[in-house]
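Lifted from Swiss-Prot, the feature list:
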type	residues	note
TOPO_DOM	1-54	topological domain 'Cytoplasmic'
TRANSMEM	55-75	transmembrane segment
TOPO_DOM	76-89	topological domain 'Periplasmic'
TRANSMEM	90-110	transmembrane segment
TOPO_DOM	111-121	topological domain 'Cytoplasmic'
TRANSMEM	122-142	transmembrane segment
TOPO_DOM	143-158	topological domain 'Periplasmic'
TRANSMEM	159-179	transmembrane segment
TOPO_DOM	180-193	topological domain 'Cytoplasmic'
TRANSMEM	194-214	transmembrane segment
TOPO_DOM	215-236	topological domain 'Periplasmic'
TRANSMEM	237-257	transmembrane segment
TOPO_DOM	258-265	topological domain 'Cytoplasmic'
TRANSMEM	266-286	transmembrane segment
TOPO_DOM	287-293	topological domain 'Periplasmic'
TRANSMEM	294-314	transmembrane segment
TOPO_DOM	315-491	topological domain 'Cytoplasmic'
DOMAIN	356-491	domain 'GGDEF'
BINDING	Asp364, Ile365, Glu407	Mg(2+) binding site
BINDING	Asn372, His377, Asp381, Arg427	substrate binding site
ACT_SITE	Glu407	active site, proton acceptor
Amino acid sequence: MIQSTRISMGLFFKYFLSLTKIDPGQNYISLPSIKSSTHIALLFMVSMGTQKLKAQSFFIFSLLLTLILFCITTLYNENTNVKLIPQMNYLMVVVALFFLNAVIFLFMLMKYFTNKQILPTLILSLAFLSGLIYLVETIVIIHKPINGSTLIQTKSNDVSIFYIFRQLSFICLTSLALFCYGKDNILDNNKKKTGILLLALIPFLVFPLLAHNLSSYNADYSLYVVDYCPDNHTATWGINYTKILVCLWAFLLFFIIMRTRLASELWPLIALLCLASLCCNLLLLTLDEYNYTIWYISRGIEVSSKLFVVSFLIYNIFQELQLSSKLAVHDVLTNIYNRRYFFNSVESLLSRPVVKDFCVMLVDINQFKRINAQWGHRVGDKVLVSIVDIIQQSIRPDDILARLEGEVFGLLFTELNSAQAKIIAERMRKNVELLTGFSNRYDVPEQMTISIGTVFSTGDTRNISLVMTEADKALREAKSEGGNKVIIHHI
């Protein structure tokens, strides 16, 4: 077990280092690019497509990934001659964060509109929307031309202020969403719901206004987070602010785990973002001097984590669409096709330019209403599922089996003759009678039988109404003769 774990981790490190670019001349390491991070996210999506991950295992793996990123960046940045990253590169990172936050906001908002009972989802969407405000402010600051050391210090200080308040807004709104998690009484009370939303406006609107006024836009109330040294062209980061952020992220991560137990699909993603932000700020604590390289690395961690969140949300949407498509044409109880799909299939067959031999069967479970009345609907459902399983074992894989209503099923067969249709129908009838007999493996209370009405056509008819009418006549004829029979009509 230990050896296999070492091999797996070795392969992971080998893949990660192949994506990581090290410049020997500059002696520093940069995180994987956005494209490489997408490769990692896609690998996760493929693995999730093959097996359904539990929330706990998903979070543990994300924890290991983020810690590995943190250790690698810290290791390669010790005692290095750090150089400034070009301003345009940093602008690209901020723009990437802007679009990632916008995408996550839209996903969260759409998820809320699909189920307006989930108030925490709406509050979380506001958390990502608030980040867009700070990122717009940051982009405007970066675009300002540099005319001396004073403006460099001002730009660095403003970027730091918006960075701090962006995290504070996210922490406050996430904490409020966490407070509402699992409290249905808030949703039932409109006054409480309105109060919660008004409270959410403080970090959503008041914090950005406060950050704007504490920046260089208002000289009377400026907050100085960064001290610029013109001699060596470095800016010293206020470490106390980082310590506060580290504590807040750590407490938020702890309470998310304790409150939600990572039970839903959404909260493990939020926990991952908290963990990434925690590591970003811890990375800043490990260095004595503020510089754009380390800032760029921390933003790279945030980009990677949010790329993964976006990838998972897209994967989740495709899963829900797949489930919705399946429910649209499948019966919930028996997991076979429903009436709508069956009739569409028959109409599609009859509308072909050339229609070959085909057969439609209607199957009715004899004495099913008595089973429901005597044993209850729970046993009745078990009988339905059992007979469906027996019928599926008696027909070909490409044949269509659908539940039309109650205990009536429809089957559509193609590429067979009348004799083959009779053989299949008799096989179904005998198997149901035999496999539901005494001490059967399906645990149905008594032996069951079915009646089958069959209509066979050589392809001359194109009228679905005629086909279904003849099949229904054959079924009623089989039941009128005592049931447990197969009657075939030809058209």
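The count begins at 1 with the first shown residue.
From the backbone N, Cα and C atoms, a Cβ is placed for every residue, glycine too.
Packing around His377 (substrate binding site) is summarised by its Cβ count: 10 other Cβ atoms lie within 10 angstroms of its Cβ, all protein chains included. The recorded stretches the transmembrane segment (122-142) and the transmembrane segment (294-314) do not share 3+ CB pairs below 8 A when only pairs 6 or more apart in sequence are counted, and are therefore not in contact. In this structure, Glu407 (Mg(2+) binding site) belongs to neither helix nor strand by DSSP; it is coil. DSSP assigns Asp364 (Mg(2+) binding site) to a strand segment in the three-state reduction. Spatially, by CA atoms, the binding-site residues Asp364, Ile365, Glu407 include one closest to Asp381 (substrate binding site), and that is Glu407. Annotation for Asn372 (substrate binding site): spatial neighbours Val379, Gly380, criterion Cβ-Cβ under 8 Å with sequence separation of six or more. As a whole-number mean, the pLDDT of the topological domain 'Cytoplasmic' (180-193) in this prediction is 78. Residue counts for the topological domain 'Cytoplasmic' (111-121) by DSSP state, with H, G and I taken as helix and E and B as strand, are 7 helix, 0 strand, 4 coil. Contact check: the transmembrane segment (237-257) against the transmembrane segment (90-110) gives fewer than three Cβ pairs closer than 8 Å, residues 6 or more apart, which falls short of the contact criterion.
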